[in-house]
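Comments concern the structure below.
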């Protein structure tokens, strides 16, 4: 169930172009990259000066068509993407990387097959494994050259996934802080979120604030 952190050689990822991207929360700059080996198009949404050496509020988000676009309530992906964009907008500085690795890396059709297995009683991990995949097939090797395009080496990473933090560390990217990205539970995603916590180690509870010493206020 480990997630790969292999770094591609510089000629495997091409920076292509950028444009302004107005959203309900802020006007981002959308940057496009192409992965040579697969032709996959990856994106970075940037707000403010992120190359000034300070840790950058960041989200490394894997594509989820059903959640991000079709408003599926089965997962927390769409809500996490929206939450990340709002947090970056509130701070006025940050980056959201959008990686094209649908369904934790198994692809859209296989994700739909996995959903079908879940309807028959499998959980999200079992469904992937019954299809012959690892529980999580994603790779984060492209993150380092994407961030290098903007001079970013240190993150305040919006994630609940400790394996994503580990992958960043293995890439040589400092995670100065983990920023929780929690969403509301519903009847459709409750079991999914519980499984991610129990089997994939996701941290689904808010961070406890450090106690304030007497006289510190």
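Backbone N, Cα and C atoms are what each Cβ position is placed from, and that goes for glycine too.
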Identity of the GTP-site residue among 80, 149, 190 (reference: 59, 60, 61, 62, 63, 102, 103, 104, 124, 159, 164, source: TrEMBL): 80
Three-state secondary structure, which DSSP defines for residue 61 (GTP binding site): strand
C-alpha spacing of residue 63 (GTP binding site) relative to residue 75 (Zn(2+) binding site), in angstrom: 12
Listed binding-site residues 64, 77, 104, 159, filtered to Cα within 10 Å of residue 136 (active site, proton acceptor): 104
Residue among binding-site residues 64, 77 with least C-beta crowding, 10 angstrom cut-off: 77
